[in-house]
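Enquirer: According to Swiss-Prot:
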type	residues	note
DOMAIN	5-255	domain 'ABC transporter 1'
BINDING	Ser43, Gly44, Ser45, Gly46, Lys47, Ser48, Ala49, Tyr61, Gln96, His213, Arg495, Glu499, Gly503	ATP 1 binding site
BINDING	Arg147, Gly158, Glu159, Ser396, Gly397, Ser398, Gly399, Lys400, Ser401, Thr402, Gln445, His558	ATP 2 binding site
BINDING	Cys286, Cys292, Cys299, Cys317	[4Fe-4S] cluster binding site
DOMAIN	350-600	domain 'ABC transporter 2'
Amino acid sequence: MSPLLEVTDLAVTFRTDGDPVTAVRGISYRVEPGEVVAMVGESGSGKSAAAMAVVGLLPEYAQVRGSVRLQGTELLGLADNAMSRFRGKAIGTVFQDPMSALTPVYTVGDQIAEAIEVHQPRVGKKAARRRAVELLDLVGISQPQRRSRAFPHELSGGERQRVVIAIAIANDPDLLICDEPTTALDVTVQAQILDVLKAARDVTGAGVLIITHDLGVVAEFADRALVMYAGRVVESAGVNDLYRDRRMPYTVGLLGSVPRLDAAQGTRLVPIPGAPPSLAGLAPGCPFAPRCPLVIDECLTAEPELLDVATDHRAACIRTELVTGRSAADIYRVKTEARPAALGDASVVVRVRHLVKTYRLAKGVVLRRAIGEVRAVDGISLELRQGRTLGIVGESGSGKSTTLHEILELAAPQSGSIEVLGTDVATLGTAERRSLRRDIQVVFQDPVASLDPRLPVFDLIAEPLQANGFGKNETHARVAELLDIVGLRHGDASRYPAEFSGGQKQRIGIARALALQPKILALDEPVSALDVSIQAGIINLLLDLQEQFGLSYLFVSHDLSVVKHLAHQVAVMLAGTVVEQGDSEEVFGNPKHEYTRRLLGAVPQPDPARRG
């Protein structure tokens with residue numbers, strides 16, 4: 001039986017002003033009918049370029065070589081009008097950002113119907129509209145008849161992604177290509193979208209190629225996985241074999257860096273040191289060698305081939321025998337055990353009582369009038385203790401970020417009270433508020449947006465010091481000390497943010513936040529924008545800083561696995577209220593509220609054995 005999709009020696013090169021960049025370097029794989037194959041790897045590994053080459057959606061300046069056969073038909077080299085007969089009919093595509101995949105000026109029903117009419121001209125408009133409603137029902141949109149008349153902006157993010165899936169399966173495709181289909185979604189919505197994709201596969205019988213960096217999604221959904229690094233496949237196997245008996249040190253590192261719900265608070269992860277190589281002019285040898293804990297001289301001379309190491313299991317490594325049976329912590333020589341917390345009651349550094357924050361709803365353009373209000377935070381009470389972490393979790397719109405902003409405002413709330421370091425913020429004068437701000441600093445979600453690209457690292461870190469009267473010598477000494485603390489080199493002080501990886505940028509943001517020796521750090525989704533291998537290093541750094549300096553963390557996140565590693569106490573928010581809070585081990589291990597149980601049940605676990 002011939003495969004549904006057969007890719008052979010696929011290479012993708014992008015012409016640039018400098019050296020050409022070969023983003024995909026001779027990969028080969030196949031997808032059988034009804035099979036789910038996952039491409040996984042860090043950002044820049046070439047997985048999205050490899051997938052978009054299959055469907056012919058790369059930019060014009062991309063050079064594609066090799067062979068891509070769909071049911072025996074060669075797709076590479078087809079003219080665009082010929083390729084368009086495959087797109088949307090034989091091949092359905094689900095993109096990461098549904099808003100960019102949908103036209104804002106047409107209803108979602110019209111957009112699904114259009115996909116049917118383009119590829120099935122004999123189907124009339126009315127029949128296409130009826131089929132569009134059926135597809136909305138299939139992908140789980142409530143009241144599909146009415147919602148088919150909605151515009152994309154009138155739907156939630158999860159609903160928009162369901163519409164994109166409906167368009168992708170509208171013509172019963174043979175192959176579904178899903179490019180990070182759940183990345184931007186809340187955990188419960190992510191679980192629902194995976195269920196919809198499973199249903200779509202079962203209904204259409206399509207093979208699925210899914211691109212993701214989430215190893216939990218791979219374990220939950222995929223049958224086989226291709227691990228990509230520096231533009232090529234470095235390990236491929238069935239998902240059960242890959243997770244149980246991985247043979248490539250890179251795969252070991254990826255799995256070791258994943259936060260887990262079953263880990264104790266304070267457990268260190270296994271980060272992969274360094275960053276992926278530039279694909280413009282790779283050095284000889286194995287591209288992973290500079291980051292590999294098992295590297296030997298032979299690794300630096302020739303790039304290893306992808307060879308069989310077991311039945312249907314291949315790896316590109318000459319040291320696979322040193323990987324078998326060893327943990328990631330052992331291979332990467334990292335101590336992961338949680339360190340015992342100091343005993344005794346710690347003082348309360350942030351106390352929130354009956355906090356309320358409302359936003360007025362207004363109607364009209366010229367003569368606006370109030371028509372109601374939204375209670376973004378509805379009477380919540382929280383406590384953060386010295387040297388501890390309070391995790392505030394919940395889905396988008398739950399009120400967790402609003403709560404954090406109200407605390408950081410250091411001003412009288414609409415209702416209720418906020419105490420920071422024993423002071424009621426409603427009583428603060430201008431000078432007292434400025435002084436207190438030194439003790440509570442923020443690390444933002446997006447390290448790129450929080451750093452001025454025009455300033456070198458030294459100026460970025462020195463800015464709060466200079467604003468608070470530090471002298472020149474004192475500032476230089478403190479910046480050098482902060483670079484040491486967050487694991488950067490002194491020479492990095494003269495470089496600019498654009499020269500650093502995402503994880504290094506976040507370390508710069510943390511160094512800046514620590515400059516004035518605060519007692520409290522507010523962490524607003526500090527690792528959600530990072531690859532899992534980089535995220536692990538930041539989580540370890542935050543744990544080490546808390547242990548070293550006795551910092552207190554207010555940690556806002558939608559990622560329950562990350563919260564489990566960091567938080568001593570957890571508050572679960574829903575619709576502006578705290579529905580459950582307490583010790584993190586108790587809340588995660590024995591949740592009492594149905595919403596908490598639903599959140600925990602939706603988290604994809606990096607263990608195929610737990611697959612439902």
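Cβ coordinates are placed from backbone N, Cα and C, and glycine is handled just like the others.
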Enquirer: Going by DSSP, is Cys299 ([4Fe-4S] cluster binding site) part of a helix, a strand, or coil?
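Expert: Looking at the DSSP assignment, Cys299 ([4Fe-4S] cluster binding site) belongs to a helix.
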Enquirer: Say you check the Cα of Cys286 ([4Fe-4S] cluster binding site) against those of the binding-site residues Ser43, Gln96, Arg495, Gly503; which is nearest?
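Expert: Spatially nearest to Cys286 ([4Fe-4S] cluster binding site) by Cα position is Ser43.
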Enquirer: Just to confirm: which same-chain residues, 6+ apart in sequence, have a Cβ under 8 Å from the Cβ of Gly397 (ATP 2 binding site)?
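Expert: Those within reach of Gly397 (ATP 2 binding site), by Cβ under 8 Å and sequence separation of 6 or more, are Ala575.
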Enquirer: Between Gln96 (ATP 1 binding site) and Gly399 (ATP 2 binding site), what C-alpha distance do you get in Å?
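Expert: Cα-Cα, rounded: 25 Å.
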Enquirer: Enumerate same-chain residues with a sequence separation of six or more from Lys47 (ATP 1 binding site) and a Cβ-Cβ distance below 8 A; give 'none' if the list is empty.
Expert: Met39, Val40, Gly41, Ile211, Met228
Enquirer: Cβ within 8 Å of the [4Fe-4S] cluster site's Cβ centroid: which residues qualify beyond Cys286, Cys292, Cys299, Cys317?
Expert: Pro249, Gly285, Phe288, Ala289, Leu294, Val295, Pro304, Ile318, Arg319
Enquirer: I'd like to confirm something. Which of the binding-site residues, Ser43, Ser45, Cys292, Cys299, has a Cα closest to the Cα of Glu159 (ATP 2 binding site)?
Expert: Ser43
Enquirer: I'd like to know which of the binding-site residues Ser43, Ser45, Ser401, Gln445 has the most other Cβ atoms within 10 Å of its Cβ.
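Expert: Sorting the candidates by Cβ neighbours within 10 Å, the top entry is Ser45.
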Enquirer: What count of other C-beta atoms do you get within 10 angstroms of the C-beta of Gly399 (ATP 2 binding site), across all chains shown?
Expert: 24
